[in-house]
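Straight from TrEMBL, the features:
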type     : residues : note
TRANSMEM : 12-33    : transmembrane segment
TRANSMEM : 45-68    : transmembrane segment
TRANSMEM : 80-102   : transmembrane segment
TRANSMEM : 114-132  : transmembrane segment
TRANSMEM : 152-172  : transmembrane segment
TRANSMEM : 184-204  : transmembrane segment
TRANSMEM : 216-237  : transmembrane segment
Amino acid sequence: MVHPILFKIGGLTFYTHGILAVLGIILCAVIVNRLARAEQLDRTFLFDNIVWAILIGIIGARLTYFFLYRDQFSSTSQIFYLQNGGLVSFGGFIPAAIAFYLLWKFQKQPVAKWFDLLSIGFVAGMILGRLGNLMAGEYAGIASTSRFAIDGVLPINAFEGIWVAIVALILYRIYRRTKHRIDGMIVWLCVFLYGVGRFVIDFWRDEKIIFWHLNLSQITSAALAIIALIIIMRAVISERKK
């Protein structure tokens, strides 16, 4: 099951996690592009925006990891050694989301509608990303003798991959079946569902505890899920009053 290196060409090594992460990004872009075309949105800058958001997301994810785990770095220059791994997902998601927001605002695009489409593509792409973690042997869980364990470790990234697949199906079903959608509600539902799932799953993740037996991802997940739930409830109540 563990295949960290997918193949080699000459002196170039192609890592499974990296290849599947790229395929996940491509899948996200294809899905968003198709949904945007159906919505008759201007797709002129879509792929440029995705590239910029990814770059900013990678920088954010790496910097977050560096500040959380500085003891693992013998020098500051090692922050550039991405081949050694070390990214914090929320440290990348949030800056990337801010980048998308600013770009779409500057381009005078319907931001909420774009984020709805992006959320569907994003969770679909994450499925491949988490599969890459699994195939690379990056299980990320605590030691366990459970039947779900692989080599004595719980494959947390596999559990997260299953959860994001469920979230992707839920979001797409709502998108297809709801005729009169409130723009922005699908993305906030995505934030809520992913946040709740990530909060629960991370109890079995081998990660640095920050506060109240919770790691940074759990604290972030809980905060985002609560914010998302409040926004969804307010929007639903406001819609019913009309």
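Glycine is treated like the rest: Cβ placed from N, Cα and C.
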May I ask for the residues of the chain that lie six or more residues beyond the transmembrane segment (216-237) and have a Cβ under 8 Å from a Cβ within it?
68, 88-90, 94, 182, 184-185, 188-189, 191-192, 194-196, 198-199, 202-203, 205, 207-208, 210
When each of 45-68, 114-132, 184-204 is checked against the transmembrane segment (12-33) for Cβ pairs under 8 Å, which one has the most?
114-132
Report, as numbers and ranges, which residues of the same chain sit near the transmembrane segment (114-132): CB under 8 Å and 6 or more residues beyond its ends.
16-21, 23-32, 35-36, 39, 41, 97, 100-101, 104, 157-158, 160-161, 164-165, 167-168, 171-172, 175, 181, 183-187, 189-191, 194
